[in-house]
Amino acid sequence: MIYRLARSVFFQLDAEKAHDLAIQNFSRFTGTPLDLFYRQHVPDRPVEVMGIKFKNPVGLAAGLDKNGECIDAFGAMGFGFVEVGTVTPRPQSGNEKPRLFRVLPAEGLINRFGFNNLGVDNLVENVKKSKYDGVIGINIGKNKDTPIEKGAEDYLICMDKVYEHAGYIAVNISSPNTPGLRSLQYGEALDDLLSQLKAKQEELAAKHGKYVPLALKIAPDLEDHEIVQIAESLIKNKIDGVIGTNTTLDRTLVKGMPHCDEMGGLSGRPLQNRSTEVIRRLAEELNGALPIIGVGGIDSAISAREKMNAGAQLVQIYSGFIYHGPKLVKDIVMNS
């Protein structure tokens, strides 16, 4: 009830202004009596994935808390893990506004943020301040002005800085809003990137005396042979996990709806079936070699269960959280 009232107010605002205001308030309210508006008890449902123990299998997807400002607030909502970022080596402002749009009839969102963030050093400081006792994933990307052929350097810089503070590291090569980024998902470019990341992981594990898993985040807009190729590269390079999927460029299910023609990645309910199908095909090709984190259009316990039945061991929410609030976390944990 409280969230429905808050949502009715926030949805009167520009989508990005509402997002920024929510982040500011979460940051301000945590640890005060006002956090009772979103704090809830979610029963433990432990699961071990990538060698990590998670309190429950429901996580916050990257993109909502880009700079790690509200980790403790999301922890209070009962998330079993929180993925912050995407973060880049240097701060960047992202694409021009407006760049976030609600597709209300479809419970979808279209964004073309472009990795706006305050830089990896700022995020690390926020992670260090957090009192959250769950798993913190850190999602890393490349700066827009870094040439794609030098993109690996940005990922390695971020890995070096976040490694000690991350529960796992997510490698984002699938955002549609950074020019050329998705080209890193294919063929030799992917193999080359993954081999460099694996070598850096081994180096940092020896240096810090702990092993931090690597997970690759992929797009939904893939042909079947591309899914097969990605699975082969993941196994070959001994990557620890895969996150499926990011946002889609496909507009088939939202044609004619408000904002449907805006440039950017579409998330929410219209992505639900496609992301589940990618997970199913990945699971077939991986055959248990590494775990899958399922994300894309999860807005209920049933849609979370569909991802898990398709092969996901963990799930993440973003757009579903915007439309349904913290209650969705508890619903999924208790009923999926």
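Cβ from N, Cα, C; glycine included.
DSSP gives Lys66 (FMN binding site) a coil state; it is part of no helix or strand. Listed in sequence order, Val84, Gly85, Thr86, Val87, Asn116, Asn117 are the same-chain residues six or more apart from Lys66 (FMN binding site) with CB atoms under 8 A from its CB. For Ala62, Gly63, Leu64, Asp65, Lys66, Thr86, Asn139, Asn172, Lys217, Thr245, Gly268, Gly297, Tyr318, Ser319, the entry in Swiss-Prot reads FMN binding site, with the evidence type sequence analysis.
Positions annotated as substrate binding site by Swiss-Prot, on the basis of sequence analysis: Lys66, Asn111, Arg112, Phe113, Gly114, Phe115, Asn172, Asn177, Asn246, Thr247. For the recorded site, Asn246 (substrate binding site), the DSSP three-state label reads coil.
Annotation comment: Swiss-Prot describes Ser175 as active site, nucleophile, evidence class sequence analysis. Long-range Cβ proximity for Ser175 (active site, nucleophile), meaning a same-chain Cβ under 8 A and a gap of 6 or more residues, is found for Thr86, Phe115, Gly141, Leu181, Arg182, Asn246, Thr247, Gly265. The secondary structure of Ser175 (active site, nucleophile), as reduced to three states from DSSP, is coil rather than helix or strand.
For Asn139 (FMN binding site), the binding-site residues whose C-alpha atoms fall inside a 10 Å radius of its own C-alpha are Asn172, out of Arg112, Gly114, Asn172.
Long-range neighbours of Ala62 (FMN binding site) (same chain, six or more residues apart, CB within less than 8 Å of its CB): Glu83, Val84, Gly85, Thr86, Gly137, Asn139, Ala170, Asn172, Lys217. The Cβ centroid of Lys66, Asn111, Arg112, Phe113, Gly114, Phe115, Asn172, Asn177, Asn246, Thr247 marks the substrate site; residues of that chain outside this set whose Cβ lies within 8 Å of it are Gly63, Thr86, Gly94, Ser175, Pro176, Thr178, Gly264, Gly265, given in sequence order. Among Lys66, Asn111, Arg112, Phe113, Gly114, Phe115, Asn172, Asn177, Asn246, Thr247, the residues given in the record as binding substrate, the maximal Cα to Cα distance rounds to 16 Å. Taking the C-alpha positions, the distance from Gly268 (FMN binding site) to Gly114 (substrate binding site) comes to 18 Å.
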